[in-house]
Amino acid sequence: MTDLKHIRNFSIVAHIDHGKSTLADRLIQKTGGLAEREMQQQVLDSMDIERERGITIKAQTVRLSYKANNGETYVLNLIDTPGHVDFAYEVNRSLAACEGSLLVVDASQGVEAQTLANVYQAIEVDHEIVPVLNKIDLPAAEPDRVKQQIEDVIGLDATDAVEISAKTGIGIDDVLEAIVERLPSPIGDRDAPLKAMLVDSWYDAYLGVIVLIRVIDGTIKKGQKVKMMNTGAIYDLDRVGVFTPKLVEMPELGPGEIGFITASIKEVADTNVGDTITDAKKPCAQALEGFRPAQPVVFCGLFPVDANDFEDLRAAMGKLRLNDASFSYEMETSAALGFGFRCGFLGLLHLEIIQERLSREFDLDLIATAPSVVYELGLRDGSETQLHNPADMPDVMKIEEIREPWIKANILTPDEYLGPILKLCQDRRGIQTDLTYVGTRAMVQYDLPLNEVVFDFYDRLKSISKGYASFDYQISDYRAGDLVKMSVLVNGEPVDALSMLVHRSAAEARGRVMCEKLKELIPQHLFKIPIQAAIGGKVIARETISALRKDVTAKCYGGDATRKRKLLDKQKAGKKKMRQFGKVEIPQEAFIKALKMGDN
Amino acid sequence: MHWPFCAAKCPYCDFNSHVHRGPFDEDAYVENYLTEISQTAELVPNRTVRSIFFGGGTPSLMQPQSVEKIINAISTKWQLSNDVEITLEANPTSVEQEKFQAIRLAGVNRVSLGVQSLRADPLAALGRLHSVEDAVAAVKLAQSNFDRVSYDLIYARPNQTLDEWRDELNEALDLAREHISLYALTIEHGTRYYDLFHAGKLAMPDPELSADFYELTQEICEARGLPAYEISNHAAPGEESRHNLTYWQYGEYAGIGPGAHGRLLIDGQRHATSTERMPFKWAEYVSAKGDGFVEFDALSRGEQADEYLLMGLRLKTGISPSRFEALAGQKLRQEQIDHLTEIGFVEILADGNLRVTDKGWPVLDAVVADLAA
């Protein structure tokens, strides 16, 4: 066990691509956590998706041993926090497990919206923050301008910012010294009853659920009987240890230390991030503050392209949930898409990650319906209910009020793109709350309905700003809105997978775009097909697909039979992938593409 | 019988045709046909041959004695029926016209001429080596030499209007006697037209206009006494191409020569065969092993049923649902037939056959796909 004075717990706050993982790798290398041959680029991001996208999904931790210039040896615990707002609560808990942060900013790119959101979170949990300018070796690096920006935008003193290049190794020693010199050591009472925070947990095929903890008071050791204060569950600890980043068992962990425990915990769902772990026989008086259970904010339906994959999909979701308790799913039936699941996610990135993991790790072809937010319905009879799926909307006559979630969005952009970005936000019912300039960059804050953001807002933002604008948001509150359910009818049959809740003012435009898209996406049939968008019984937009008039092979003789048969096979296979709506066959891509609506 | 050589490659044609320059020993090359005929006759012995078709390529470039040798070989290995139909495809150039008599003497009793157009500009655009005058003369000469003559035209060509086609078709029908084949121009993969079309340099009619072309063609031919008996083939009653009917009625046929396809019944099992496409490689195969087969596949019930459906529904007489059932081992889906009947695309004839209606013909491929699915 290490005495408190020789412990530093820190995390790294950065925007995607600003070099957080590379810096972490360097720190591990420099302190000898891994031999050269064991270094794999970006050691901490262990999932393929994390490595490819340069983002962290699960919190990871590494314990470094560093002999400082003052001759003393320190334990440095780095928690690599998830870098995305979807995981805001996880980020908050990871940060709460540390006393300080390194704020890594790309010396050529400057501060981004995501950096801002994360650094504010670090400030909120009283972190000491050391600014670090990365990529200082690049010709485009402008350290002085970026320091100024850090001071102006974030309000941090950047005079002593550490200038580094994580890629080449410049300045890594200075970072280590700054951690020791400038970050506070943790405080805690070794003799008090055990109080530890559950920072994160994940499933390991060999060890079962691994729980990442930060010990606040007391000690935790192998064989100890511990209690999760929120769930009330009691476990005998099998192992206690740390990551160096290799898993190393320890006899015990004391106050200020960060490490892991394992017990016979079967599912990640049994462990709640933010829960307080205490001794079962001698519990601490009070649980830690700030605990809240994971709440999905975005829902969508996931359906197998091939109906035969349904059971595989169910199994895959079960496996994913083993490791990600914030993801929820329940069975859903759609006339359009057959059997599938209604799934809840922490946000859009979370949705994308789960979808990608299902297709990549489990080799499943999926159709996702339009993401929908969780609406609150106030009914005429005085009761309240939540709506996760537009298809389940009760009769409008029974509804007094529909409330939708709003977000506070931060957008940072080079000022030349500000005009179109403001228009985009206005079009999406946004309310501007702040607009400031930092040099040639504008920072604008908007209140936006989340419902408008889940509709490819981010893609639009990226495209109108040529990728330069950055965006981050936090859920703020629920507000009543004039929302209506828009249904889509193909050849007179409602297509449940395409129904959606929209603001009345946007319904007609959405309906028109949807009908136009479907007209492009549904192939011609032998008969003409009307496509309608409707609110209740009222048609607000319509298009017609004309009947197919010419589709015949002019020449077909003895030598063509084989080729034509093979073509017919392909056609049959294609038809199998279509969804039957009455007499109309709709290709699956049509659903996917129709649901990916742009602002065109 | 596939003769793979042409004097020039036409820009729209995706057939197995090759332009051969340099010394060529035709007698030696023809030996391969004779070898392949004997070998095939051992696989499917004791057949009565009802038709022979020399296609290509340009079989009219063959020497008449080559044609004769092949016909003789067939008649030795199998039995020719008394009314055997022997067709040869010919191009209407003056060189070929000179051979008509000799070809007739070799045993050919029907020719099919690749006229393609009766207008000078389109002929040039289609890469044809003959003039309009050549074509008219060739048709007339053929008609005086052979009992039965057909010729081909291509319509729905780039920039062609309906009025232009109406005039051209009427002239063509003045010239035609008992049979004509009228093909809507199709852009085939691997042709020069394909590249031009995809480079945006070929103004092809849109689906609406090409549907109008098709309807107009049916209307005029019907009125002129040469109704369609197949999607692109028109004949006076009884003058249908017997050979091609075998394909569409899903009968048995042997393919001889490079890139030729066959459907052979061996011990009651239908096989799909095809031979090597490259002319000289095929010849090497035949000299080495007696045949040029590169494919020899037993067809499953489902495959046979699909082929019967897609070939048979091209005919005005339609398909026999009971034969389909015998091939497939299951019936056509009644629900699908009912729906297609209700919207007017198929009908059941008095003899019980299922056929595609006049309304259904222009969209035959979609109807077949619906029935087969």
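A Cβ is built for glycine as well, from the same backbone N, Cα and C atoms used for every other residue.
Annotated domain 'Tr-type G' per TrEMBL: A:5-187, in sequence order.
According to TrEMBL, the feature GTP binding site maps to A:ASP17, A:HIS18, A:GLY19, A:LYS20, A:SER21, A:THR22, A:ASN134, A:LYS135, A:ILE136, A:ASP137. Every protein chain considered, the tally of other Cβ atoms within 10 Å of the Cβ of A:GLY19 (GTP binding site) stands at 25. Under the DSSP three-state reduction, A:GLY19 (GTP binding site) is assigned to coil, being neither helix nor strand.
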Among A:SER21, A:ASN134, the one of these binding-site residues whose Cβ has the fewest neighbouring Cβ atoms within 10 Å: A:SER21
All-chain count of other Cβ atoms within 10 Å of A:ASP17 (GTP binding site): 15
Cβ atoms near A:ILE136 (GTP binding site) (within 10 Å, other residues, all chains): 21
